[in-house]
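Asker: According to Swiss-Prot, the record shows the following:
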type	residues	note
TRANSMEM	31-51	transmembrane segment
TRANSMEM	64-84	transmembrane segment
TRANSMEM	119-139	transmembrane segment
TRANSMEM	155-175	transmembrane segment
TRANSMEM	183-203	transmembrane segment
TRANSMEM	221-241	transmembrane segment
TRANSMEM	265-285	transmembrane segment
TRANSMEM	298-318	transmembrane segment
TRANSMEM	355-375	transmembrane segment
TRANSMEM	381-401	transmembrane segment
TRANSMEM	412-432	transmembrane segment
TRANSMEM	437-457	transmembrane segment
């Protein structure tokens, strides 16, 4: 009884993230409208290609019973995976208001990458890396499926669909550097119009054949799987496309909070999707067999071109949400120490989450356009879609089980029961998507595996750098003794030494004195730490320790979603000498050169060149930490690994 009561209290207690709309003083219904434009682009445009893909998996011919079984699978996939798993459980696993698989990984303590936490870290990193894999396919399949709607009216435009898609994608990626601050406010209303249109179109199909509503009975889905044999797995692979955008609910939780995201899902998105799929199924039953896309065939001929235009806008919005999510996930991975520092530009001075990461943008553009040209159509591309995100959803469930046990302290039986239900569904879809590997499913898996390799290589290399610096540094006691004895000449001014190490006297400071023969009158040895929490309160941000006359050791902590401004943060530090002149301080940083040590480990032989390349091309400290470039001195240093 006590355990049941505790679970009830957990379900009824608001999370930190539910206060997001309250903190911004934005009414929940307006926040829900905003969520339509950011969170539900991918899920909302899935009716463009999902049922078409399923129809192809069945060979284009099916009975009324099989059509109802497929619709029932779509209905209950949306209910179990999105309505229950993500809306009720996964979104409860907020990391101080932030969501996403990397935030979940940090919540369960996997970012330490030690002991058994390594397994959880691998799950989180692999899940995040695979999202990049499907992220390069989403814009391609969405834009192609929208443009292919013109084939319903005339086949003469078919040769121009792929070139037009490539042109649109080039403009789309090229425009990312300008941000979406000015037009982003229109995303929500446009997607609201989209959902209303697909709901009305679905209703027109249902009116012709109301019997499709019986698909709400899950026995239709169970019966279909029981009697479809091996073809059922192929159909499941197509059905999965209706939820490929499910991770966005969790990833964008920090922007809107669970409340508005749930409100828009239950009130608008879910009913519209169900009506659209039901209407398309009614059309399939009516015709018995169908060629082309049932989504556009629901529309009267006079409305196809306007619908194609609206679908084009909706798919661009869906692609925008994928790109924005990739930028945000890249920043999280950087702050948590899993990726090198990339140049990040804030594209809005009002909305924190609107950022632009050039290297990610151009890499995704090249991959997306290459995929569009290679596959040429949405039906061929559907074979490559879903393999990566199905793996991510499976890994999310595994991490969710860990959160149930470690964070929420749930009983083992309850955790197994709930996570086990989700695992059954996830494993089923995972197995179905494995059948797509030969049809192109290898592509997002390979792309994700490459990102995963880069993440592990970077983290291993950075840990090796810290260990090498710690072993090579001189004893700080001798340096402090020389300072106390007046053996180190002091010159006027303030110097701030940026260091990765945690020693009280960092090697950079000692090397500076050794080569220059003097030290500034006021010195700050500064280490920047990125914590597993998304944000750090100002009163907890800095730790200050005076270690010698005129020398302070400062440790500054930031959350993994924060953009550090060191100059501004240092001015708020308490415990420093008031005479320190931060406005004219000189910042000292290193520009390290990575080389292989003779007889080094396997890491140096085959991964060191990769790490050295990443290290060499990482963003400079002056750019990452908003330092004044005319007051930064970089010192070259060779590090053997």
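The count begins at 1 with the first shown residue.
Keep in mind that glycine also has a Cβ here, set from the backbone N, Cα and C atoms.
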Asker: Look at every Cβ pair spanning the transmembrane segment (31-51) and the transmembrane segment (355-375), keep those 6 or more apart in sequence, and say whether at least 3 of them are under 8 Å.
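Answerer: As far as Cβ distances go (cut-off 8 Å, pairs 6 or more apart), the transmembrane segment (31-51) and the transmembrane segment (355-375) do not touch.
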Asker: So, do the transmembrane segment (412-432) and the transmembrane segment (183-203) meet, by the test of 3 or more Cβ pairs under 8 Å (sequence gap 6 or more)?
Answerer: no
Asker: When you check the transmembrane segment (155-175) against the transmembrane segment (64-84), do you get at least 3 Cβ pairs under 8 Å, counting only pairs 6 or more apart in sequence?
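Answerer: They do not touch: fewer than three Cβ pairs between the two stretches lie under 8 Å.
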Asker: Does the transmembrane segment (119-139) come near the transmembrane segment (437-457), with 3+ Cβ pairs under 8 Å (pairs 6 or more apart)?
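Answerer: Contact between the transmembrane segment (119-139) and the transmembrane segment (437-457): present.
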Asker: Going along the chain, which residues at least six beyond the ends of the transmembrane segment (437-457) come within the CB cut-off of under 8 Å?
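Answerer: That would be 125-126, 128-134, 136-137, 333, 338-339, 367, 371, 375, 380-381, 383-388, 391, 607, 610-611, 614.
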Asker: How about the transmembrane segment (298-318) and the transmembrane segment (221-241): at least 3 CB pairs under 8 Å, pairs 6 or more apart in sequence, or not?
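Answerer: The transmembrane segment (221-241) and the transmembrane segment (298-318): touching, no.
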Asker: Which of 64-84, 265-285, 355-375 has the most Cβ pairs closer than 8 Å to the transmembrane segment (381-401)?
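Answerer: Between the stretches 64-84, 265-285, 355-375, 355-375 has the largest tally.
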Asker: Can you tell me which of 183-203, 221-241, 355-375 gets the most C-beta pairs within less than 8 Å of the transmembrane segment (64-84)?
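Answerer: The stretch with the most contacts is 221-241.
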